Amino acid sequence: MQNGAVLGETTKKDENIRRGNWGNQIEFVLTSVGYAVGLGNVWRFPYLCYRNGGGAFMFPYFIMLVFCGIPLFFLELSFGQFASLGCLGVWKVSPMFKGVGYGMMVVSTYIGIYYNVVICIAFYYFFMSMTNVLPWTYCNNPWNTKDCSGVVGSSYANTSIANTSTLMRNISELVNHTAKRTSPSEEYWKYHVLNISDDIGHFGEVRLPILGCLAASWVVVFLCLIRGVKSSGKVVYFTATFPYVVLTVLFIRGITLDGAVNGIKYYLTPQWKMILDAKVWGDAASQIFYSLGCAWGGLITMASYNKFHNNCYRDSIIISITNCATSVYAGFVIFSILGFMAHHLGVDVADVADHGPGLAFVAYPGALTLLPISPLWSLLFFFMLILLGLGTQFCLLETLVTAIVDEIGTDWIIRNKTYVTLGVAVVGFLLGVPLTSQAGIYWLLLMDNYAASFSLVIISCIMCVSIMYIYGFHNYFKDVEMMLGFPPPIFFRICWRFVSPAIISFILVFTVVQYKPITYNDYIYPGWSLIIGFLMALSSVICIPIYAIYKIWTSEGTTFLERVKNAIKSDPSWGPALQEHRTGRYAPNVSSGSNLNQEGQLLHTKETPEEVSLMIQGSNDSAHNPEASA
């Protein structure tokens with residue numbers, strides 16, 4: 001009985017009671033899959049694949065996954081799990097680089113603001129799909145212009161698609177010969193949903209339906225995170241898995257349509273000559289990097305709630321491959337429907353292919369109007385987008401909340417973490433209000449293109465260098481071995497030290513060389529807005545040198561070199577969070593005998609860890625047998 005009690009006590013102590021852990025390992029994996037698999041998997045990857053040589057693009061894509069994606073993913077997961085701290089706290093490893101953590105927070109803030117606006121627009125389309133006829137099917141609405149040319153005739157509701165061939169030929173001629181013609185779905189998007197202004201500086205009015213959906217979206221995110229990972233870990237059983245059910249339903253429906261095969265051929269037919277194009281490799285590396293969510297701070301945060309000995313090496317491979325496989329699978333879903341649309345319009349697939357908001361809110365909804373029972377397919381599609389977005393948004397919000405709570409670190413802030421979550425959600429909602437105005441789409445795309453572009457690459461590169469060469473790769477490899485029970489495989493050791501930083505540097509150079517000022521359709525952004533975009537990008541990167549200068553300035557030392565050495569030296573509290581895991585070079589000094597109390601806080605005693613362990617066992621026995629104690 002006594003042995004059982006001790007065993008139970010050991011199992012219980014493996015949990016970080018003060019900070020909390022995942023309910024089980026499946027919750028962590030599903031949350032990380034939900035975080036990595038987002039809107040970009042559906043609206044960006046298929047288009048990139050088609051544009052960069054179809055099946056040939058898969059080769060550089062998977063090369064980049066193996067040599068950059070999975071190693072960086074494993075690095076961030078192991079980093080957060082080892083210290084059980086968020087993206088700020090982990091920089092006890094080398095305090096001078098804490099600015100990297102602040103940079104991650106800034107990036108997550110920007111993404112969290114505009115990402116929820118995209119989710120709220122998906123909410124709006126979802127609600128508008130609850131009707132017999134989708135509102136973007138015809139050109140007879142108040143918001144339509146004389147240039148509108150519908151892909152479905154007015155008699156479509158009472159006739160089969162097969163009887164509309166004459167109509168389709170007429171539309172084909174319009175598409176081929178009249179460049180100014182616009183589809184009902186495009187006009188619904190521009191003139192009804194957005195009521196778009198003519199310039200980024202003309203905010204106009206706030207679109208109240210979109211604002212209401214934004215509020216609803218933030219309420220959903222807050223409620224799912226009200227108890228931190230304990231509540232979000234339960235929600236992800238649905239939000240991370242149901243999108244695959246919807247993708248499969250849409251895939252089965254898509255491949256049964258006329259023209260679907262042509263769409264899939266456009267998606268997959270390899271053009272091997274394009275492999276020699278540096279742009280293809282650059283796009284592959286960038287897509288892997290951004291899709292996995294590296295340098296956002298979310299991976300470190302989610303892993304920090306793992307138990308210390310969790311096999312994050314296995315998790316990183318499972319999650320990374322699942323993310324990339326989802327991207328490939330989504331391509332079949334997207335291009336089967338676009339192939340069907342091109343077939344019925346009598347045009348090339350290239351004429352209907354699109355990416356980003358243009359795919360999610362114009363091209364794909366337009367294609368869905370051609371299907372029987374189109375509202376059902378529309379409901380499913382937008383519900384899938386909502387769930388994909390929420391999975392990422394949960395982690396973005398939790399990243400910010402965890403960083404704040406870990407940084408303050410008092411018992412009060414930990415007990416009242418819900419209020420921190422509420423505060424961050426309210427601020428996020430208020431900062432998102434301008435994006436619901438008539439100029440909102442311009443600002444949303446500006447943030448998407450600049451706030452999280454080359455800044456992420458710089459942050460990730462500095463993180464790699466600081467861990468491998470400032471903290472020391474020997475030290476880090478020993479940390480990982482202490483945590484997992486085996487050293488990181490030699491492949492990952494080589495990638496962390498040489499290959500991944502080189503690929504990250506390549507992405508940075510590629511991003512700079514390939515830079516083109518942002519445009520939206522025919523709208524060219526004014527110079528002042530591009531300056532704001534660059535300032536947003538720099539605002540996250542500038543945190544790194546500013547904090548480094550501050551840390552050097554406040555460090556002890558008579559010379560500059562001494563101050564730098566003290567600034568980069570690991571904090572004494574760096575290492576595993578729980579005392580039972582602080583072995584080897586992290587073992588408490590026998591002379592000071594530091595140990596943990598019941599809340600997991602460090603105490604100072606004169607006993608050795610073994611003596612303390614015996615004392616704890618004795619106190620447990622006394623607690624169960626008061627008479628013996630007396």
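Cβ atoms are placed via backbone N, Cα and C, with glycine included.
What TrEMBL says about a protein is an automatic prediction, not a curated fact.
What TrEMBL says about this protein:
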- 28-46: transmembrane segment (TRANSMEM)
- 58-79: transmembrane segment (TRANSMEM)
- 100-127: transmembrane segment (TRANSMEM)
- 208-226: transmembrane segment (TRANSMEM)
- 235-255: transmembrane segment (TRANSMEM)
- 288-305: transmembrane segment (TRANSMEM)
- 317-342: transmembrane segment (TRANSMEM)
- 376-397: transmembrane segment (TRANSMEM)
- 418-444: transmembrane segment (TRANSMEM)
- 450-473: transmembrane segment (TRANSMEM)
- 494-515: transmembrane segment (TRANSMEM)
- 527-550: transmembrane segment (TRANSMEM)
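Where the transmembrane segment (58-79) meets the stretches 100-127, 376-397, 418-444, 494-515, the count of C-beta pairs under 8 angstroms peaks at 494-515. Segment contact is absent for the transmembrane segment (450-473) and the transmembrane segment (418-444), given fewer than three CB pairs below 8 angstroms at sequence separation of 6 or more. Between the transmembrane segment (527-550) and the transmembrane segment (100-127) there are at least 3 Cβ pairs closer than 8 Å, counting only pairs 6 or more residues apart in sequence, which means the two stretches are in contact.
When Cβ distances are compared across the two stretches, the transmembrane segment (28-46) makes no contact with the transmembrane segment (208-226), since fewer than 3 pairs at least 6 residues apart fall below 8 angstroms. Here the transmembrane segment (208-226) touches the transmembrane segment (100-127). Their Cβ atoms form 3 or more pairs under 8 Å, with each pair 6 or more residues apart. With a threshold of 8 Å between CB atoms, the same-chain residues lying at least 6 positions outside the transmembrane segment (288-305) that come near it are 19-22, 28, 31-32, 35-36, 38, 40-41, 44-45, 61, 64-65, 68-69, 72-73, 76-81, 83-87, 89-90, 101, 104-105, 107-108, 111, 229, 312, 320, 323-324, 327, 392, 395-396, 398-399, 402-403, 452, 456-457, 459-460, 463, 504, 507.
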